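A.B. asks: Quick one: this structure, given as structure tokens, is what I'll be asking you about.
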Amino acid sequence: MNSAVQAQLAELGIEGYLNQHQHKSLLRFLTCGSVDDGKSTLIGRLLHDSKQIYEDQLAAVHSDSQRVGTTGSRPDLALLVDGLQAEREQGITIDVAYRYFSTQKRKFIIADTPGHEQYTRNMATGASTCDLAVILIDARKGVLDQTRRHSFISNLLGLKHFVVAVNKMDLVEFSQQRFEEIKAEYLAFSKNLRGETDIQIIPISALEGDNVVELSQQMAWYQGPTLLEILEAVDVEKEKEAGEFRFPVQYVNRPNLDFRGFAGTISSGVVKVGDRITALPSGKSSTVARIVTFDGDLEQAQAGLAVTLTLADEIDISRGDLIVHHGANVELTNHLAADVVWMTEQPLQPGRDYDIKIAGKKTIGRVEHIHHQYDINNLSKHSAAELPLNGIGLCEWTFNESIALDNYQDCADTGGFIIIDRLTNVTVGAGMVSESLTEVTKASSDFSAFELELNALIRKHFPHWDAKDLSELLKK
């Protein structure tokens, strides 16, 4: 038990502590930036200064600091996060490390993401579940390519709150002029980001603890909040609840003949008992009869809650269907444009079929065309015949069936999908819907999916056979 928990238990008692803890809001955030900007040290400082470290953890850090630490005689707080042996020996972050802590105001889940360019896919994975990005900048180096890269990816993945932490201010003598230079440079770059992004910029020293949990005595010229105060105050719940109601069905719950409900987690918006709803893609409508949870029925539920909905009418709804409010504007299409982050050595090439999973729905998709690849160091675009490992580009997709979806910026759960290799079952990429295109009408055919894949395989490996492209025949 850490000292913060002990203090709260002494003040509130066990029942009071558990009740308070249960009703705290949750913020998921990631730390990112260039290599050796101090991301892991910052998280270690947050945990240490908010008294979230157990005594045995602190003892282990003191011991390991003498062997692989980089802070001399002081404990290397980065070791609280860098758990892999390779990370500790190299002094870098490779995998996405998740840490949990809480204060009296809020609960937090931190994703510590790698800074190296070759681990961009790991960083994208960490960002996909977060609400806010803490982007670190070394005060000595300023805004680097990797800073721009991670800002772009965080923005692409729909994060609307950025905290830019100018770290290592102790190494530039806590210079206000240097901080203002970096602030101006980053704000100029941020004008190229999509949508409206809330950006706050603060000077910190993760090593010394300045402006992390406590205000700095060395930077009296900074009058803003500390990093922890920003994290405790940012409101992400209202944004999710303000969106249109989206409920991807994960499971049809039928424990007996008298009960049939549809289980899942509300992606956005609010639903109430008595609301008129429509199930997609069938288009059938009904009314919400009950909102069932483990703790009892609710009159209304909002984004983030896992619930089971029962309806007044018996309509056909299956796993992967989407329940929305009646009359909601939802795209139903098999043709779309999506930004893709590619995560495997074998490049993404047009014409190949992949398994697609989107909001509980599984289908088959194909890249028809790569419109462009992003140079995510300067946000420029260039033409590309394929997407390499860690490449990000805008691709045109067709699916085997029409699917109800949203733009990713509007709702990540119903606008994001994963791409799976059909032979190895490995997740090879992530897609974010940017635009729904005119639906492609496919002619009826006697060709099965297996025959189409076999045809593609033959044309690839035995071109001298001059086999015709069956998929092209279907378009005629």
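Cβ coordinates are placed from backbone N, Cα and C, and glycine is handled just like the others.
The shown structure was predicted, so the numbers you read here are calculated from the model rather than taken from an experiment.
The GTP binding site annotation in Swiss-Prot covers 33-40, 112-116, 167-170 and rests on sequence analysis. The feature domain 'tr-type G' is assigned by Swiss-Prot to 24-243. What Swiss-Prot lists as region 'G1' is 33-40, and the listing cites similarity to another entry. Per Swiss-Prot, the feature region 'G2' maps to 91-95; the stated evidence is similarity to another entry. For 112-115, the entry in Swiss-Prot reads region 'G3'. The region 'G4' annotation in Swiss-Prot covers 167-170.
Provide an account of the burial state, proximal residues and distances for the features listed.
C.D. replies: Look at Lys39 (GTP binding site): DSSP puts it in a helix.
Across the residues of the region 'G3' (112-115), the predicted structure has a mean pLDDT of 71.
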A.B. asks: Just how many other Cβ atoms lie inside 10 Å of the Cβ on Thr113 (GTP binding site)?
C.D. replies: 27
A.B. asks: What is the number of other Cβ atoms found within 10 Å of the Cβ of Gly33 (GTP binding site)?
C.D. replies: 28
A.B. asks: Could you check the binding-site residues Lys39, Met169 and say which one's CB has the most other CB atoms within 10 Å?
C.D. replies: Lys39
A.B. asks: List the helix, strand and coil residue totals of the region 'G4' (167-170) as derived from DSSP.
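C.D. replies: Secondary-structure composition of the region 'G4' (167-170): 2 helix, 1 strand, 1 coil.
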